[in-house]
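Trainee: First the structure, which I've put down as structure tokens, then a few questions once you've had a look.
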Amino acid sequence: MTQVMTPKTIVHELERHIIGQNDAKKAVAIALRNRWRRMQLDDEMRQEVTPKNILMIGPTGVGKTEIARRLAKLADAPFIKVEATKFTEVGYVGKDVESIIRDLVETAVKMKREEAKQKVTEKAAILAEDRILDVLIPPARASESKVGFANEPAEDAQSKKEKENKTREIFRKKIQNGELNDKEIEIEVSVAPKSIGVMGPPGMEDMTNQLQDLFSSLSSDKKKTKKMRIKDAIKLVKDEEAAKLINEEDIKARALESVEQNGIVFLDEIDKVCKKSGTSGADVSREGVQRDLLPLVEGSTVSTKYGMIKTDHILFIASGAFHVAKPSDLIPELQGRLPIRVELKSLEIEDFVRILKEPDCSILKQYIALMKTEGVELSFEEDAIRKIAEISFQVNEEVENIGARRLHTVMERLLEEISFDAPDLENKSINITTDYINEKLSGLVKNKNLSQYIL
């Protein structure tokens, strides 16, 4: 998708879901477009051009994670979001940073497998229908004499075959139209391998995964006759037939290439592994993790169960609130490998108003759609929308600034009664006004002690 998307187009797509933060949008748009530019270069130059990694700096709830999430859908590339705080220095109990790349490869393999299945879905559907039809209408066999010759003339056998084919086509149409969905049949299907838990030493997750795969593969060829509805059988058999049609080795090779050339890693909470200024002493979860991240970000080779992965051209986007620590508290080597700095701004009342109204699936649109399932027509006056934004901003200022996430808290509290009573309401048309908001929320906002716990 990024091959035909210019930076402006990428920013426009992001603006459909994220309000403001244009600097961050531009930075990721350029980084994404540079992927395509690099692929247009000759081989020698292509190897030299490495991605410019990004550091996003901004308070919680301003859109850092959302930009990454939307970018993943847009990029059509292997993408993984991880929290830096989940990892420990090599040698200590916990996950080591190389598991990031292993998880990224797993994501890529799943993506490529789904792509391959989509390509063979029509053929798999026909083969699945054939297997169902074989159960419904078993193929007729020519009656044989004791010496092994067919008793009936060739013309009769031919007409019987044609009649059988016509019957099969009639039933095939019925299956396709869903007329036989609830009919139960007995069909032989592959048995899903049992999941076997393997306890492994810390830092040896890759070996543990390989052992699990080995045990699973030992029972992968087993078959079992099951009784199920045709609707369920079609889905199960279609997946089986699709798996037979795709080339697993080709999928693995393409997944490895996709990770090396197009992989994106989003490292959240990077500020939590900074060593705070003026402190001293050993800290397992901090500086050691940064030093372990260095080789990945700079470019190294990581062993995975699918093969070796070079991380030279994987794009790393790090983000953090940096409330306590500062970007300069990162070790100098890691700072140098995150050359693009983007600062995301705190949200104002106007931003909250836009977040409530403008995105394709804005918060207000979500609540209106949810209530519609109960037959309730929910609407909001313009003044009421601004009031919600003002209350959210005020609580952020007075209690704790959690950014746009505060809107969800306020909306849940505001619509709690309506949501609870929705199935039994006689008046199915509800208009939210400033008076209604004042009635439900003003007391809580004024009482700081209450708002700390409720909003």
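A Cβ is built for glycine as well, from the same backbone N, Cα and C atoms used for every other residue.
Positions annotated as ATP binding site by Swiss-Prot: Ile19, Gly61, Val62, Gly63, Lys64, Thr65, Glu66, Asp268, Glu333, Arg405.
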Trainee: Just to verify: the residue among Ile19, Val62 with the fewest other Cβ atoms within 10 Å, which of the binding-site residues is it?
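Mentor: Comparing Cβ neighbours within 10 Å for the binding-site residues Ile19, Val62, Ile19 has the fewest.
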Trainee: Including all protein chains shown, what's the count of other C-beta atoms within 10 A of the C-beta of Lys64 (ATP binding site)?
Mentor: 25
Trainee: Report, as a single number, how many Cβ atoms besides its own are within 10 Å of the Cβ of Glu333 (ATP binding site).
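Mentor: Result for Glu333 (ATP binding site): 13 other Cβ atoms within 10 Å.
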Trainee: I'd like the Cβ neighbour count for Glu66 (ATP binding site), meaning other Cβ atoms within 10 Å of its Cβ, all protein chains included.
Mentor: 17
Trainee: Where does Ile19 (ATP binding site) sit in DSSP terms: helix, strand, or coil?
Mentor: coil
